[in-house]
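Annotated features, as they stand in Swiss-Prot:
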- Tyr234: active site, proton donor (ACT_SITE)
- 47-52, 73-74, 110-111, 138-139, Lys243, 272-274: NAD(+) binding site (BINDING)
- Tyr224: substrate binding site (BINDING)
- Glu74: site 'Plays an important role in discriminating NADH against NADPH' (SITE)
Amino acid sequence: MIIEPRMRGFICLTAHPAGCEQNVKNQIEYIKSKGAIAGAKKVLVIGASTGFGLASRITSAFGSDAATIGVFFEKPPVEGKTASPGWYNSAAFEKEAHKAGLYAKSINGDAFSNEIKRETLDLIKADLGQVDLVIYSLASPVRTNPNTGVTHRSVLKPIGQTFTNKTVDFHTGNVSEVSIAPANEEDIENTVAVMGGEDWAMWIDALKNENLLAEGATTIAYSYIGPELTEAVYRKGTIGRAKDHLEATAFTITDTLKSLGGKAYVSVNKALVTQASSAIPVIPLYISLLYKIMKEEGIHEGCIEQIQRLFQDRLYNGSEVPVDEKGRIRIDDWEMREDVQAKVAALWKEATTETLPSIGDLAGYRNDFLNLFGFEFAGVDYKADTNEVVNIESIK
């Protein structure tokens, strides 16, 4: 079929298999171009199919020749209907990894559930024996706690008072004002239950209890802080509470891993265009201004550049892992530079529907958004008849 982007709000309903494959190949080429990383050799990636999780899997495999197991929850294709992009990304990753002689297997299902944990533990036991790196990179709006059976839904709200600020509809370029009513206590609890560190700790406990973590094993989860501009809706809002919980969980997990000489880290990453960030009011406008400045300064990074730098310069740099006063790894350091943030804040005041095309990088934002779904890649013939039914080699 001929596959084109079909939009509904912040979501693209279609994905292009050849474009997703090109995206994965581009990331692999980038990693190969940067040279070997003395990293982990057996890696479990929970949330492995898009964004930072996919970039972590690619960096491990093609930077360190690691065997990887990827867990994700994606929609497979059916005739006449495309898969979700993460399915095509994972199919392409496995194809390339197997071609390179690397072990790569994937599990598709709800990583929050006991069943998928069980399946993953059994696969590690059978094929790898143990893992020495666990990446936790889940992005989901809903979680059913396997122990209580309660389904929690996260919300994106400020805490304390209504938040009003500018936002942009990145499809139309229309800058408008948005108001978000504050969260109640239940909203906060639900968001922490979904996006906090509870499930990360459950995974590590399960792996450790069955002796599936190697001596000196490391685990890492991803967080975001961001500037004052977004903090009311992000870091000081419901999501921020969840991130606080995630960051606190790193210390609990480090205690759990003491007997193995292992460690848990949270890496604070930069703002990027993802399906999740596109749905957050204020963030798309912030990102389009940030991109403009970081590109001008020559310090712009996408997911793969961020994770390559995280592995090469922080995690596997041959000495101590540099952290901030709260024990976090900071690869948002270039975004949060004072000069960069001062420029963004100045542009923010000027941003209107009329000025944004010249002061921001809305085109870059749109391009990155379409890239998430496999569109707008050079070297892909989007007019060609494309087979939407693509299989992942390890998923039968």
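Using N, Cα and C of the backbone, Cβ positions are placed for all residues, glycine too.
Feature annotations (Swiss-Prot) mapped to structure.
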| residue | record | CB count, 10 Å |
| --- | --- | --- |
| Gly47 | NAD(+) binding site | 25 |
| Ser49 | NAD(+) binding site | 27 |
| Gly51 | NAD(+) binding site | 26 |
| Phe73 | NAD(+) binding site | 19 |
| Glu74 | site 'Plays an important role in discriminating NADH against NADPH' | 23 |
| Leu138 | NAD(+) binding site | 21 |
| Tyr224 | substrate binding site | 21 |
| Tyr234 | active site, proton donor | 24 |
| Lys243 | NAD(+) binding site | 25 |
| Val273 | NAD(+) binding site | 25 |
State the Cα to Cα distance, in Å, between Val273 (NAD(+) binding site) and Tyr224 (substrate binding site), rounded to an integer. 13
Other C-beta atoms within 10 angstroms of the C-beta of Asp110 (NAD(+) binding site) total 17
Can you tell me which binding-site residues out of Ser49, Leu138, Tyr224, Lys243 are within 10 A of Glu74 (site 'Plays an important role in discriminating NADH against NADPH') by Cα, answering none if there aren't any? Ser49
Out of the binding-site residues listed (Gly47, Ser49, Phe73, Asp110, Leu138), which are within 10 Å of the residue listed as 'active site, proton donor', Cα to Cα? none
Rounded Cα distance in angstrom between Gly51 (NAD(+) binding site) and the residue listed as 'substrate binding site' is 14
Between the C-alpha atoms of Tyr224 (substrate binding site) and Lys243 (NAD(+) binding site), the distance in angstrom, to the nearest integer, is 8
